Each structure stands twice: as C-alpha cells, then as structure tokens.
Amino acid sequence: MRVAIRRLPWQATDARHRTIGLVSTNRLPSRIQPRSISSTSIAALVYHSRNSLRTNIFDIAATPSSRYGSSQRFYQHMAADRDGDHVPKHQAKMLPGSASDKIIAAASPASKSASSPAQKKQPDGDDPLNLNSREKTVKEQRLVDWAIIKKLIQYVWPKGDFGTKQRVVLALALLIGGKLLNVQVPFFFKTIVDRLNDVVNAPLDMSNPNTVWVVAGSAVLGYGLARVGAAAFSELRNAVFANVAQRSIRRVAKSVFTHLLALDLGWHLTRQTGGLTRAIDRGTKGISFLLTSIVFHIVPTALEISMVCGILSYKCGPSFAAVTAITMAAYAWFTIRTTSWRTRFRKEANAADNRAATTSVDSLLNYEAVKYFNNEKHEIAKYDAALADYEKSSIKVATSLAALNSGQNAIFSTSLTVMMLLAAQGVTNGTMTVGDLVMVNQLVFQLSLPLNFLGTVYRELRQSLVDMETMFNLENVNVAVKEDKNAPPLKVSGGEIRFENVTFGYHPDRPIFRNISFTVPAGYKTAFVGPSGCGKSTIFRLLFRFYEPQSGKIYIDGQDITKVSLESLRRHIGVVPQDTPLFNDDIRHNIRYGRLDASDEDVEKAARAAKVDQIVLNLPEGYSTKVGERGLMISGGEKQRLAVARLLLKNPSVLFFDEATSALDSYTETELMRNIHATLLADKKTAIFVAHRLRTISDSDFIIVLQGGGVKEQGTHDQLMDSKGLYWDLWQAQSTVGVGHGAGANEHLQDLERDQNSSTTPM
C-alpha cells in the first residue's frame, strides 16, 4: 500500500531522544548488535562444527558434487540465507573453487524472478566462463576459435587507425622480403659446391686460383648477405609489429576491465579474485602469443613451404615437391590431432592452477579467520590438493609432449632420408649435381626449424585460444543493470526518494520486498529499522542500482532512476557501508577517493569533520600512513571514520549511513554524529540511516520500521513509542537487557525473529 509521509521540522520533539549514548552498548543483546558477530563468522562457526564431523577434509574443496564447492562459497551462501541481503542464490551456483570448474565461473544472468524482466537465465551447465561445462564438438570449437581470431583482427586492423594499418602492412612486407632472402641461402650453397667441384666443365678457367677465389668468394659473400638480410628483415618486422601487438593487448585488456566494472554487484560477489585475475592475465598473454605466432611463425612457415615446394618442383622434379608436400601434410595432421588430444590435459592443469591460486588468495585474504579457528592445516591441505591435481595434469602434459615430439621427429627424419636418397640417385644418374643435393638438404633442413617451432606454436596457439576464450567470455556476461542510451542526468532539487510497489528478492524463492511503498522526505533525517534480513541495506542497493527490482518503480525528486544516467545517479548518492572498502594506499588517498580532484585542504577539512585528524596526530607519517590491504592495519572504528570522511568529501545530495558508527566508542560516535548532523542541517541534505542500535537514530525526523517485506509502521520516535508496536518491542528489548530482564528480553527477541521468519516464508 502507499504510505503518506508528512513533512517534519528538523528537530526532535524530546531532547532526551537527541542524546547519543543514552543506552550503553554493552547492555544491548547480541542479536540486536549486528556487528557483534558477522554473518561470515556465524557461517564459519556452523561450517567449523560441521567440518569437525567429516572424515575427509577435502570434501567441500575437492568434491565435484559438493553442494558449495569452497568454504568461501559456503560462507556466502550461509550469509545470504541468514540475512537475506547478500549473494543471489542463482548467481552463487558455481565458483572456481569446485573441482568441476576449469577456469573461472561466470554469473549466470538472473532469472526473471530475481532480476530485471529483460534478463534471461543462462541454462545450468552452460556457464560462459566454464569452458568444460559442456564439451564442444570439433566443429563448434573451430567456430569459437575463428570467432576469437575475427574479434582480435578488429583490434589489429582497427577502423580509422591509419598508423596501425601502416605498421601491419610494413610488417608483412618485411616478412615476405625476409623469406625471399632466406630461400636464396641454399642456392648460394649449391653455386659454391658446383663451382668448386666442377673445374673441368666450368665456363670460367677454374684452374686459375684467382678465378676460383672470385667465383667462390662471390657466392660466399652472397650467402652471407642473404643470411644477414633475412635476419635484419626479421628483426625489423619484430620491431614494427611490436607496437601493433602491445596496443592491441592494451585495448583488449581495457575493454574487458571496463566490462567487469559495468557488471552488477551480484556477479562480483560470486567471483574469486585469484581465479579471475589469473584468467585475465593468461588471456592477455594469449593475445600476445597469438599475434606473434600468426605473424612470425604460421604465415612465414606457410609462405616458406610454398616457395620450397615450388623451387623443388621446378629445379629437381615433381617427386621432390610431392615428398615435401606429403611430409608437411603428415606433420601438420599428426601435430593437430595429437595437440587436440593434449588440450584437455592443459585445461586440467589450468583448472588446478586456478584452484591453487584462488585457495591461496582466499586463505591469505582471510588470514584472521584461518587463525581464529586453527584451520592452517585445512587451508594447507586444500592448497596441496590443488597442487597435487596440477602435478598430475602437468605430468600428463609432459609425457604427451614427449610422444608428440617423437612422432614429429620420426616424420621429418623419414622425409629427409627419402629426399636424400632421391637426390643421391639423381647425382648417380647425372640428372643432378652435388650442389643440387646440398641445395635439397639445405632447403629441407631450412624447413625443420620453422616446422619444429610450428609444432610448439600450434600447441601454444591452442592454449592461447583457450585462455582468450575465457577472457573474451567475460565480455559476454550480460550487464544486468543497464542505462538508456542518451539518458539524461539526474537533477536533484531536494532529494525526495519514493518507492512505489517495489518487489525484489536476491533468491527467486525468497522475496525481500513485496510491493513495498514509502517516501523519504527531502532534506530530513530518515531512519530504517527492523529485524535482521528485513531489507534495510537492500534499500540502498536498489537505490544505487546495484540490482534491479522485479517490479515497481523508484523515484528521486520525481525522476525514475532507471531513466537517468548511472553516472549522475551515483554521483548524487553517497554511502558509508557496513564493511568499509579501503585501498592499500595512504590515508590521504583513501579520503581523496571520494573526490579525486580535491585539494589537500579539502581532504584535511573532511578528515577533521570525521574525527580522522585524531588518528593522524598519533601516526608518525600522518596522512601518508599506509592502511594496508583492505585497511587491515587500522581498527574497524578508524576505517569507519575514513569512510565518513570520504563521504563528506564527496558531498552528495543523498547520504546513506549503513551501520556507519557501529565500530566506534560512544564518545567518538557522539562527536562524529554531532558533526554529521551539523552538515545535514547546514546543507539541508537527505540523510538515511540504517541501524540496529536504536539509540543512534532516535533523534531522526522520521523512522520507518520494516518487517515481512513491507512497512510495518512509521513515524517519529515518540509516535512509535506511543503506538507500542514493533519499534517499541525492539526498544524495550535493547533497554532491558543487562539490567535484570535479560531472559525476558531474549524470549521477546525470539518471538520477533519467529514473526520475521514466518513473514518472509514464500507464499
């Protein structure tokens, strides 16, 4: 139903409700304090107790049929089931930690029941980033490979980039020139041998040493110049094409990274950083190898084979050309078939490599959790299991490589022997000279080097295509949150926020909101409260367009947020999240991240308002102090103050505080909230507070109580207390715990939780 909200003056009706610290935090029950134990910790406790009953410690990490596939996925699933505001279940179905994953898992686009109506759910088992989710036929794989090459050609031969095209043409010209010079080398050998070997029938007087020196010396000089010229052309080609290759890699990597940043929050919550970054790294290296192999190996080798076959057919007869052609065909067939057989071993090795990478990164990022539960041996065992799989796959790769090399050598040696026999027979019959035999030998041996490289190149080319397929598939992941083309910017006049009949759920079978409607008045402080899992944090995620509702509309100052540009929408909204994201940089940079063009004076002003200057005074390096990976070198309260400073520096029109002071002591919290309120009063900004500790929001102009997918009640603190509804129950529970009524309060909280669970049960 629609909820009408009247405009309220910017003042509390009761001074006692404006006092921060009215109730001591140690008197609040743990169930009301959400940060007393995090969702991850609860999941870890459950997982820890379950895991102690298992006889196989690799059950979750290494069993393909495992329900969760990795401890991180288990934590995410448990957190989502408990809170209702985390990872969509349909997007957490496959992560690279499971044994069935080969590279990294993509988030399937959400189903209609849990995402935008425009989205379609990916069929199970057809994950675009899991290359082994369904075995492709040879024809399908060829189509995929050609599609990758065509896509790459767009970067090598870009429209409108005349300079890059010039470099490509010049590189090809140098390639042809180098091969023409390279083919001349055996002819100079033939000339040298024939002139020195046939003194009697030579057209010149070869009995004269000076003549011999001139003829032989000229041939040797030509031989040397041909080799030097071929090498010079090759190196020039490398230098010219290097710019093309590196620029293509840069463009592809930038395109993939841009697409990753455009993906929705749900997709990123189901990723494991180690596997994702490893896949991108291998993909960019694959581009480099593919370009160099095509330009420097495959095309040159094909050109050289064609020229050699033509020369042998013209100079020595069709039998030599036929042997050469048959050899090349047999060599290529054997290499391709064997390499295709070996590809699955490389995929298995890559999968194990990814599992090892994700396991190590996951363990190191969650170092404290590992220590808290004494699970070092468990993490080491998981890592060792992945390394053991990699070891087995690598052994298969090495042994199959030996078989491939042996077969290639047998084919080439047989061909060389046959051609030498034919040449020797020609010399005996007088149809060929000794120089012709040397020329044939040199021509065939000259093919041996590129052929040997061709085998290696094809093997690596196949692997590069696999890696590039993984990386390019990242770009094929659907962007769940899209903006209209030429969408106008959001124009904020006051900051009124209105939800109209919004329905949304992270899980298809568990909606968080059911046709919820409410209005947040412009320029006032509004608070959202309610039991855990009622969707308080979800309001911000929908407002920020991290997710799209299944139905309903959201407006800011009368403008549908789906019709305005994402950049302007997110520029006008600022948030202090529960878990503060910090970069591994100094304090100044982390504050300035709120507005990158801010001056040092602006940064320090925001720091003072957020009480960060109190931290800086005690640090030897001041604002240049590094905060460490994810800010782990500073306390939780200090991280929250940095987040508040960053928000104040951004100076958005709408401010969202999600348990923004839960890690602060009462004194610091009081001072910080006083500064925040002063800012809100001065600028008349719309502020939304989410809190479990009701004393921190009791002075709000308006309080909205959520339960069961909708608005349970709303009003000022006094109005809600007078009505003695859910808000009154929560307030009484927090006020009485620790003063002799703990048992009764706990029973009351259990009743509230039962009501919440029953109200969110799918209907």
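Placed from the backbone N, Cα and C atoms, the Cβ positions cover glycine too.
Pulled from Swiss-Prot:
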- 45-167: topological domain 'Mitochondrial matrix' (TOPO_DOM)
- 107-133: region 'Disordered' (REGION)
- 168-189: transmembrane segment (TRANSMEM)
- 190-217: topological domain 'Mitochondrial intermembrane' (TOPO_DOM)
- 218-241: transmembrane segment (TRANSMEM)
- 242-290: topological domain 'Mitochondrial matrix' (TOPO_DOM)
- 291-314: transmembrane segment (TRANSMEM)
- 316-336: transmembrane segment (TRANSMEM)
- 337-402: topological domain 'Mitochondrial matrix' (TOPO_DOM)
- Arg342, Thr343, Arg344, Phe345, Arg346, Asn405, Ser406, Gly407, Gln408, Gly455: glutathione binding site (BINDING)
- 403-421: transmembrane segment (TRANSMEM)
- 422-436: topological domain 'Mitochondrial intermembrane' (TOPO_DOM)
- 437-458: transmembrane segment (TRANSMEM)
- 459-763: topological domain 'Mitochondrial matrix' (TOPO_DOM)
- 497-733: domain 'ABC transporter' (DOMAIN)
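Summary: among the binding-site residues (Ser406, Gln408), the fewest other C-beta atoms within 10 A of the C-beta are counted at Ser406.
In this chain, the transmembrane segment (218-241) lies in contact with the transmembrane segment (291-314); the count of Cβ pairs under 8 Å, excluding pairs fewer than 6 apart in sequence, is at least 3. Within its own chain, Arg346 (glutathione binding site) has Ser393, Val397, Arg462, Gln463, Val466 as residues 6 or more apart in sequence whose C-beta sits under 8 angstroms from its own.
For the topological domain 'Mitochondrial matrix' (337-402), the predicted model reports an average pLDDT of 87. Away from its own ends, the transmembrane segment (316-336) comes close to residues 305, 308-310, 404, 407-408, 411-412, 414-415, 418-419, 422-423, 426, 432, 436, 440, 444, 447, 451, 454-455, 458-459 of its chain (Cβ-Cβ under 8 Å, at least six residues beyond either end). Between the listed binding-site residues, namely Arg342, Arg344, the fewest other CB atoms within 10 angstroms of a CB are found at Arg344.
Through the fold, the topological domain 'Mitochondrial intermembrane' (422-436) approaches residues 189-194, 197-198, 315-316, 319-320, 323 of its own chain, all at least 6 residues removed from its boundaries and within a Cβ separation under 8 Å.
Across the topological domain 'Mitochondrial intermembrane' (422-436), DSSP helix (H, G, I), strand (E, B) and coil residues number 11 helix, 0 strand, 4 coil.
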